[in-house]
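K.L.:
Heads up, here are the entries from TrEMBL:
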- 20-86: domain 'SfsA N-terminal OB' (DOMAIN)
- 91-232: domain 'Sugar fermentation stimulation protein C-terminal' (DOMAIN)
Amino acid sequence: MLEYHFAVKLPDNLQEGRLIKRYKRFLIDVDLGNNNIVTAYCPNPGAMTGLINPGMRVWLSRSRNFKNKLPYTLELVESNNSSIVGIHTGRANAIVEEAIVQGVIPEIVGYKTLRREVKYALHSRIDILLETPFQPRCYVEVKNVNLIRFTAQSPSYYEFPDSVTSRGAKHLDNLAAMARIGNRSIIIFCIQRSDSNCMTLARDIDPKYGLAFDLAREAGVEAMAWECKVNLTEIVLKRSIPIVA
């Protein structure tokens, strides 16, 4: 396991509250104290297992644009074992992108240009496209990981996905297609918590995703997992950890 220390700052206006409920997938109600209950945007489409229990401590950022219909956004949750967990999927992309730009990920260096959300394959966009003259393109897909299922019988690993994701399987299929025609394809699992040592696939949650992952690896898609240390001021890209597939 390689260790690095690279930080991305969180908004400086985080407000602590207690989760009341999550509903309609992207909405949560939070008690900020003193009878101040707000509805906030939840920037995570997954099940968020173990992270959406009523009463959990959460931290919200607030937009400086007061015209926003939902000025608050969920950023962090305190898990049952007191770990601070980043749930914002957009933060994962920003962390990985900046790490690539700064040369922190040793396997991904030497590229001249970086573009985001580039159209490719059929009706898809790649998170990050890296290019340099006279070299194959490098397609990078980023996945945010925040699931751990703690059990007494077996080691508790970081897991992905936390819900069925046909879209995620499609992303793997597209990466595999790019690899087969000579490009470089990488999937990076960005883990926004730091209370385990390995990552695995939640094949029982989504067997089709597990199969798509296996086929993508056979096609030459590279897979990496990076763990972050999260606190109330920053997300630190800490170390590369093994994937136990």
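Every residue gets a Cβ built from N, Cα and C, even glycine.
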K.L.:
On average, what pLDDT score does this prediction assign to the domain 'SfsA N-terminal OB' (20-86)?
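P.N.:
A mean pLDDT of 94 is what the model gives the domain 'SfsA N-terminal OB' (20-86).
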K.L.:
Per DSSP, how many helix, strand and coil residues does the domain 'SfsA N-terminal OB' (20-86) have?
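P.N.:
Secondary-structure breakdown of the domain 'SfsA N-terminal OB' (20-86): 0 helix, 30 strand, 37 coil.
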K.L.:
Quick one: DSSP breakdown of the domain 'Sugar fermentation stimulation protein C-terminal' (91-232) into helix, strand and coil?
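P.N.:
Helix/strand/coil tally for the domain 'Sugar fermentation stimulation protein C-terminal' (91-232): 39 helix, 49 strand, 54 coil.
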